[in-house]
Amino acid sequence: MSTSSSASALGRRAGPLDGLIGEIDRALRVLSGAATAARPYPAQAPEAPDALSEREKRHAAGLMRVNHVGEVCAQALYRGQAAACREPAARALLREAAAEEVDHLAWCHERLRELGSRPSLLNPFWYTGSFALGVLASYAGVPRNLGFMAETERQVEAHLDGHLRTLPVQDQRSRDIVQKMKEDEAQHRASAERAGGVPLPAPVRGAMRAMSKVMTSTAYWL
């Protein structure tokens, strides 16, 4: 092979197959628990061995499993939206949000480990469905694509608020993680709105809430 053809091969643009391989690799990292956080772990409060009863520990683990599933879905959703988005600025915003959600994913996974529990057994299903939903949302156009992101974050904020109310008061480590996640979600929502995201129709918002309820109810146990 000539030098010029070698340079051409090395300098070629990534094609659809490269993108597909990249998405499969990311999905495997998310589902295997191999994803690592770029920011420090928010749970810095010391935890006494007997701080939580077995019942409280199971409840905290159920809530953190729900949060972990939410982050699995966020990864897939935003990657799906970005994969089908043709507007560079919107695509970059979606990928940036997905990258920050990796921190949440890793934090929830670590807290589940500390609580002696595990992620949802249905994570491959949640990831696949959310990625497909993200691709579909992207075809609605950039304003609604970003509006979908903003509404997702708004509903996640409300869901995290509920967890802060029901987590055991003495489970400060879980509470610190959830509080930091809530702050990040608010920033993601605001970024999507500033970038041109528009409010979604009421039926769409209602359908999103219904789907979220099914996911949270199932993930608490499985």
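Backbone N, Cα and C atoms are what each Cβ position is placed from, and that goes for glycine too.
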Same-site residue for Fe cation 1 (record: Swiss-Prot; known: Glu71, Glu101, His104; options: Glu185, Glu193): Glu185
Binding-site annotation, Swiss-Prot, Fe cation 2: partner of Glu101, Glu185, His188 in Glu87, Glu110, Glu114, Glu153: Glu153
Chain-internal residues, separated by at least six, CB under 8 A from His188 (Fe cation 2 binding site): Ala97, Glu100, Met149, Glu153
For His104 (Fe cation 1 binding site): intrachain residues, at least 6 apart, with Cβ closer than 8 Å: Asn67, Glu71, Ala74, Met181, Asp184
